[in-house]
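Heads up: the structure comes next, in structure tokens.
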Amino acid sequence: MAFCKCNLGFTGIDCSIPLNLCNASFCLNGGKCLFDYLNGSKCLCLDGFNGTRCEINQKQEEDNNVENNLNNDEEINRNNCQLNKCLNGGICSINNNENILSTKCLCPPNFEGNNCQIKKETKIEKCKKENWCGNNGYCKIFKEAEKNIFEEEIIFCECNE
């Protein structure tokens with residue numbers, strides 16, 4: 001003799017007899033149990049709950065999904081920091097902007113680019129390269145800090161006689 005494994009709420013040789021599970025606290029989280037002989041026991045869930053027996057708290061599920069996504073994103077970004085290494089002394093930073101995580105290299109002052117791979121041209125290098133001084137003049141850095149109120153390199157040209 002063969003037996004069927006019945007779905008929850010049904011019994012019998014061919015699972016055609018509905019069980020009234022309403023008397024057995026079938027519905028959870030304040031759900032109301034409804035029984036009919038055609039469909040068996042069903043739960044009418046309160047707002048914020050769902051599932052066959054009102055067992056799923058939607059708010060908790062949403063919070064878990066957001067937290068899991070953030071944790072997954074953080075792990076992905078940590079891995080991105082390991083894969084896309086910052087060069088030339090750059091430091092990988094994980095940014096969280098409105099729950100969107102991304103990585104960025106924080107470059108030392110003399111480098112730039114996504115991975116700090118580009119050496120910034122100094123003013124003196126730019127002066128020489130672009131021949132700012134012309135007529136056989138040459139570029140020099142003004143070094144007197146007390147006169148440099150902007151605290152940056154000031155370049156001037158010195159002429160050959």
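Every residue, even glycine, has its Cβ placed from backbone N, Cα and C.
Taking the Cβ of Cys54 (disulfide bond) as centre and 10 Å as the limit, one finds 21 other Cβ atoms among all the protein chains shown. Sequence annotations record features per position, and here TrEMBL assigns disulfide bond to Cys45-Cys54 (among others).
Listed in sequence order, the residues of the same chain lying 6 or more apart from Cys116 (disulfide bond) and placing their CB within less than 8 Å of its CB are Cys86, Leu87, Asn88, Gly89, Gly90, Cys105, Cys107, Pro108. Residues annotated as disulfide bond in TrEMBL: Cys107-Cys116 (among others).
The average pLDDT computed for the domain 'EGF-like' (18-55) is 81. Here TrEMBL flags 18-55 (among others) as domain 'EGF-like'.
Sequence annotations record features per position, and here TrEMBL assigns domain 'EGF-like' to 77-117 (among others).
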Note = Neighbouring CB atoms within 10 angstroms of the CB of Cys45 (disulfide bond), all protein chains considered, total 21
Query = Just counting, how many other CB atoms are there within 10 A of the CB of Cys107 (disulfide bond)?
reply = 21
